[in-house]
Amino acid sequence: MSTHRLVMVRHGESTWNQENRFCGWFDAELSEKGAEEAKKAAQAIKDAKMEFDICYTSVLKRAIRTLWTILDGTDQMWLPVVRTWRLNERHYGGLTGLNKAETAAKHGEEQVKIWRRSFDIPPPPMDEKHPYYKSISKERRYAGLKAGELPTCESLKDTIARALPFWNDEIAPQIKAGKRVLIAAHGNSLRGIVKHLEGMSDQAIMELNLPTGIPIVYELDQALKPTKPMRFLGDEETVRKAMEAVAAQGKAK
């Protein structure tokens, strides 16, 4: 029997998604398409008459702005919002800023898929000479992190390892207390939550593609186990095309 509902949404397309670049912790803006996706997400949530009590997002503007757009479009901008680096996208290390298709052509599609989708193999680390090192590693928003917490690269396993404690300590207790939760985050941090909820294998989570800007709804029991498969708020064709587009990102052109 379902007792709780959780809604999650991956941010709308960013300017770097549009350019097919590894984004990670770089603070890219929403593209025009991404802003429209966020508005459609807001409309889908409004049409479903969903209300929330508390919201969670990352410290990256593409997720924050997606959340703002949803809250604005559903007239819930007054809701409390918790921002945390633990819901950030996976840190793509030395690949940050590179075009995915060009990287696939140079290193091979299999290598890019390993870097993007393997569970425990991280990409090359971001060193101090990297053009985006200062704008990420020396950013004021991360000044409060403890020694060893700020990554230079992450595998999916690493991403889940820093996202799940926040889920367990902060989000899950709110849901169990009856709060209606909305999470606006990123493909890989959300993948970690999905893996945890569904008990998915490492291999299965590698193949899961979450579309941008389409709300994901879970019905959960008292133990926060899904009572039904995840469902998307949107028509089937839109959802299918979006998931195919995500899967095609690491292929050479």
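Glycine residues also receive a Cβ, built from the backbone N, Cα and C atoms like all the rest.
Features of the protein shown, as given by Swiss-Prot:
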- HIS11: active site, tele-phosphohistidine intermediate (ACT_SITE)
- GLU89: active site, proton donor/acceptor (ACT_SITE)
- 10-17, 23-24, ARG62, 89-92, LYS100, 116-117, 187-188: substrate binding site (BINDING)
- THR3: phosphothreonine (MOD_RES)
- SER14: phosphoserine (MOD_RES)
- SER118: phosphoserine (MOD_RES)
- TYR132: phosphotyrosine (MOD_RES)
- TYR133: phosphotyrosine (MOD_RES)
- SER135: phosphoserine (MOD_RES)
- THR152: phosphothreonine (MOD_RES)
- HIS186: site 'Transition state stabilizer' (SITE)
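Calculated from their C-alpha atoms, the gap between SER14 (phosphoserine) and GLY24 (substrate binding site) amounts to 11 Å. Checked against GLY187 (substrate binding site) by C-alpha proximity, the recorded positions GLU89, SER118, TYR132, TYR133, SER135 yield GLU89 as the nearest.
Long-range Cβ neighbours of SER135 (phosphoserine) (same chain, at least 6 residues apart, Cβ-Cβ under 8 Å): PHE26, ASP27.
All protein chains shown were included, and the count of other CB atoms within 10 Å of the CB of LYS100 (substrate binding site) stands at 26. In sequence order, the recorded positions near THR152 (phosphothreonine) (Cα within 10 Å of its Cα) are TYR133, drawn from THR3, HIS11, LYS100, TYR133.
Distance noted between the C-alpha atoms of GLU89 (active site, proton donor/acceptor) and GLY24 (substrate binding site) is 5 Å. Taking a C-beta cut-off of under 8 Å and a sequence gap of six or more, SER118 (phosphoserine) has these contacts in its own chain: SER155, LEU156, MET206. Between the CA atoms of the residue listed as 'active site, tele-phosphohistidine intermediate' and TYR132 (phosphotyrosine) there is a gap of 21 Å.
A simple way to gauge crowding: the CB of TYR133 (phosphotyrosine) has 15 other CB atoms within 10 angstroms, across all the protein chains here. Highest local Cβ density among the binding-site residues GLY24, GLY187 belongs to GLY24, counted as other Cβ atoms within 10 Å over all protein chains shown.
Neighbour counts were taken as the number of other C-beta atoms within 10 angstroms of each residue's C-beta; across the modified residues SER14, THR152, the minimum falls on THR152. A distance of 5 Å separates the Cα atom of ARG10 (substrate binding site) from that of HIS186 (site 'Transition state stabilizer').
According to its DSSP assignment, the residue listed as 'active site, proton donor/acceptor' is coil.
The two recorded residues, HIS186 (site 'Transition state stabilizer') and ARG90 (substrate binding site), show a Cα separation of 8 Å.
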